[in-house]
Structures are given as C-alpha cells and as structure tokens.
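*Asks:* If you look up Swiss-Prot, you'll see 83, 126, 542 marked as Cu cation 2 binding site. Summarising the annotation, Swiss-Prot assigns Cu cation 4 binding site to 478, 541, 546, 551. Per Swiss-Prot, the feature domain 'Plastocyanin-like 1' maps to 31-147. According to Swiss-Prot, the feature domain 'Plastocyanin-like 2' maps to 156-310. Marked as domain 'Plastocyanin-like 3' by Swiss-Prot: 419-561. Under the heading N-linked glycosylation site, Swiss-Prot lists 36, 42, 115, 200, 339, 373, 392, 399, 429, 460, citing sequence analysis as support. Taken from Swiss-Prot, the feature region 'Disordered' covers 560-580. Annotation comment: Swiss-Prot describes 1-23 as signal peptide.
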C-alpha cells in the first residue's frame, strides 16, 4: 500500500532555483498515513509521512519560499509545526495545534506556505497535536544563499535524529497522561528510526543506523532530539566533534568528544573521519535525573560509523565503544551548554541593552483537585491530578478553537485572558532540596487551578525573561521552546537566580541565539529578545509530559505601526476552525 501510495503521490519537490543566488520555491507533499512496523518481536501500527521514519527532509536555501501540502489519511486530526522557523509575519503557518490553527481533520488537506528569512542551519518539523510527533517528524535544513559556511565545507551532511520507540498507541498515551498516568515508557532510544543492535528479542537483533565515511573527509552531523522524555548524550568512539551551530544559528567553533541535545534542540557538529580505518560504534544515551526522582528504564541506541575499505567483520577486530557518562549524571549537559557561544559574523544580531519588560518565571509542579472539586485530599492522592506550572499557573489548552483566530477576530471572551503573571505569587527558596519529596512544605506552594492565561506585548518591546527551575519539579531540566523567535541566551546558572550576583555573568558580546532554551536542573537561564514578529506565539517546555501537564503559555505580539510590521490577514489556503 505504501509503495503504491508513494508512486502516485510521491514527494513533489519543486525547487525553482536560483541562477545567481535568487530565491526559489521548495514544494513538498506530505501524505500522513498508517504503517505497520515490527520491532522487538511485536508489530505496532504507527503514523508516518510518505512511508518514512523519520520523515522526509525539507532542504531549502536561505530566502526560499516553502510550500508544503499535508494530506491527512489517519483517523486523527493533526497539524505540522516548523520548529524554529521564525515565520516572520506568517504566524498563520506556524502549525501549533489550537494555538495558531485547528487540526487538519481526517481525510482533509492543508497547505502551509512561508518564507525562510535570515536563518541558516538545522531546524526540524513535527506533528503538533497529541503525541503524534514521536513518529511524524523530520529534519528542516536551511543552506546559506551564497553556499559558503564559516567553517570547512563538509563533503556531506547527515541528519542524526534521536528519538524513542513506543509500542503503546500514541493517542492512547496522550489520553493516559492527560488523566494523570505517567507510568508508561518507551522501549528503546532510536537513531534515525533504528533501535540498534543492543536491542534484541528471541535472538533477533535490531538493525543499527550506519554512517559510511571515507578517511580524511569531514561530515556535518545535524543532531536533533525528537524524544518525549530525555536529553541525550551522543558520542562516536575514536572521534571528536566541532560544534558549529544550534537551532538554525552559527556558534563559535567548540571542540568536544560528546554532544548533549535536549528535546527540541538541533545541534550542528563537524566530524572528521581521521581515525584509523575501521568500524566505530556511535551511542545515543538518555540522560535521566537521579533518585529520589522516579526512575525509568535506560534508553540507549547504538549505531555504527563504517570506513570504506574495511570488511564487514571489521578485519577481525573488536569494534570500539565510546565511554559514556553515567546516565544519571546531569552535569555534562550543563557544562556542554554553558560552553556554547554565538559566532560573531557580519550579519549577527546585537543584544538589546535596554529592557522594557522583565519577567521572572518559576517552573514548577504540583497537584490540583480532579474535576470541578475545589477541595480534596492532597499528598498525591487519587483525588488530585498532577500538573506542571509557570508562576503557579497550569495552562489549559483550548480544544475547539485556535487562540490566533480569537485574537485576530477580537473575540477572546471565554477562551483566554491576558493576565499571565510576570512573577511568582510568592517568593521562596526555589531550589530547596526539602521540597523534592511531596509533603507539607511543598503543599502550600502548589497551584489551585488551571487557566488559559496569556501575555500581551506591544510591538518592538525589549523583553528579558529569567526561567527558574524549582525543586517542586524534583530534578527535571526544562527545554523551553518559544515559537516565532530566536532569543539571546545571556547566561545559565545553578541554584536560585540572584540578580545582584548573577547579572554580572550575562554575555552581551556573543551569546547564543536559540529557539529552545535548556533551563538546567536546579538552575536558571536568562534570555532577551525584541518583539518584532506580530502574532500569537506558543511558549512551552518540550518534554511531552510537561506540555500535557500545563507548562505553557502564549505571547501575543501586537502589530507595529506599518503594514510591513503587522500580521497580514489569513492567507487563502488557511482554514478557520469552523471550516476545517
């Protein structure tokens, strides 16, 4: 079925390219359909795009127009989000379910059309309704218009998409988590959809991802984390990396033997095949919090780097394995991210030195009473449901309308309010270890309600946000993703943020530009940005369970003074919720 489907609807790629570097049009058709896949002795029905797992790579050049036709042949509604694409004045195409649009119904089609402006590097795309992004995802590569990189040009670039293999139906997984059940786990990590040969069932060894290389040549690995639950450590035995980019922006080259990538992040690394020709294992290992956090299985996938000219049994030699950190050691992730800085180049943007609005966001966890009850037995009883919060508010996601439509039409009543708190309701010691186990100290800080509270900004406002992890989260880090923007990551630190002490750590010279900010376990991150892109922009943690639990909000950015600084009306291909 898949083969005939792809023959008739095959990915239509129209690249009207560029003589003399002119922008073109890149056009694809994404057919979303069911497919049976067998792993670990069991056959699972999954949802994919064009018969591929991961899905097709969208490969464009800076300045191109992208047109994607999505055909929904699965029994569930879905949207496609272009993760990290700035969507300048094209918020209608962002693809955030119930934020910018209602889902594409089963049997229907939708076209996304947008420009790619002032971005170069690796982004990605994924489904943005329920848990479908586990298998509906792929790389989104933006190449420089002049074909020149600020680092040695690789002979080849290779997406390395790290994910998870779930046997549980993903729509059922979403339902279970919304009901407060967080006991389900994937069976394995994956590299480019392969579980790897460390996984087996009844003697049947799973297939590994294989990267074929030639000695002396360099390769650009585009490492993307699509997983629900974990950061990942990624290494190749006998090789080092030079980190050159992240989230569609260049970085100051940084040498390391290991990459750490959080859910939502995309990290670009150069790898030179300079080891003695042989086979070398690559490992993706999930980094998971230590006790007393709930302990989950070890997720790992093993792939292979294979040099040309080496026979299938590695000339009779053992295949080297990389030495990995302890899976519960979170500090390598902190140090990796802290060592990254933005690359100074002619087009780099400068940090706003003046701040118009300062926001302090505490990332927390707690319980509320189930149903419409206002009182209930606490201490994680069956009368409560666990929620995640930002400044003590757990976000209620709409499920019948889209926030962008309501904002554009001027009809927010009964759907959202614009009173998202810009600071926590009560200060406390946010990283007090005594708050980790549930108990009376934690209970007085817990939220009491869910709501759809948004924050509105005037156009061209300079905003500073301090994200603070709390021990109410136990030991989770938090990859916070802001749609529609790149933000300057000024600093990260451990412990509770202290302005007098920590502002001196801010990097105003060459900070990273990121769309996904990893707020470290028991620590904080400081960002700044200018609200120069009007629309409705979703802000959320990229751990799937935190999204479902309510660690989210949306920013409304008003129109500027001119048509060129304003959100245009919905394009002809946009389908309103009542017409979906």
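Glycine residues also receive a Cβ, built from the backbone N, Cα and C atoms like all the rest.
It should be emphasised that the depicted structure is a prediction, and the values quoted were computed from it without experimental measurement.
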*Asks:* Name them in sequence order: residues not among 83, 126, 542 whose Cβ is within 8 Å of the mean position of the Cβ atoms defining the Cu cation 2 site.
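*Replies:* These residues sit around the Cu cation 2 site: 81, 124, 128, 133, 137, 226, 263, 264, 481, 516.
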*Asks:* Kindly assign residue 392 (N-linked glycosylation site) to one of the three DSSP-derived states: helix, strand or coil.
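*Replies:* Its secondary structure by DSSP: coil.
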*Asks:* For residue 542 (Cu cation 2 binding site), what is the secondary structure state per DSSP, taken as helix, strand or coil?
*Replies:* coil
*Asks:* Six or more residues beyond either end and a Cβ under 8 Å away: which residues meet both conditions relative to the region 'Disordered' (560-580)?
*Replies:* 77, 89, 91-93, 101-105, 108, 110-113, 400-402, 405, 408, 459-460, 532, 534-535
*Asks:* Within 10 Å of the Cβ of residue 542 (Cu cation 2 binding site), how many other Cβ atoms can you find? Include all protein chains, please.
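*Replies:* Total other Cβ atoms inside 10 Å, all chains included: 24.
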*Asks:* Mind checking which of 42, 115, 429, 460, 478 has the fewest other CB atoms within 10 A of its CB? They're the recorded positions.
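*Replies:* Result for the recorded positions 42, 115, 429, 460, 478: minimum number of other Cβ atoms within 10 Å at 42.
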*Asks:* I'd like to confirm something. Which of the binding-site residues, 478, 542, 546, 551, has a Cα closest to the Cα of residue 115 (N-linked glycosylation site)?
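*Replies:* Ranked by Cα distance from residue 115 (N-linked glycosylation site), first place goes to 542.
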*Asks:* In terms of DSSP three-state secondary structure, what is the assignment for residue 339 (N-linked glycosylation site)?
*Replies:* coil
*Asks:* Please compute the mean pLDDT of the model over the domain 'Plastocyanin-like 3' (419-561).
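*Replies:* Across the residues of the domain 'Plastocyanin-like 3' (419-561) the model's pLDDT averages 92 on the 0 to 100 scale.
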*Asks:* Fewest neighbouring Cβ atoms within 10 Å: which of the binding-site residues 83, 126?
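*Replies:* Least crowded of the binding-site residues 83, 126, by Cβ count within 10 Å, is 126.
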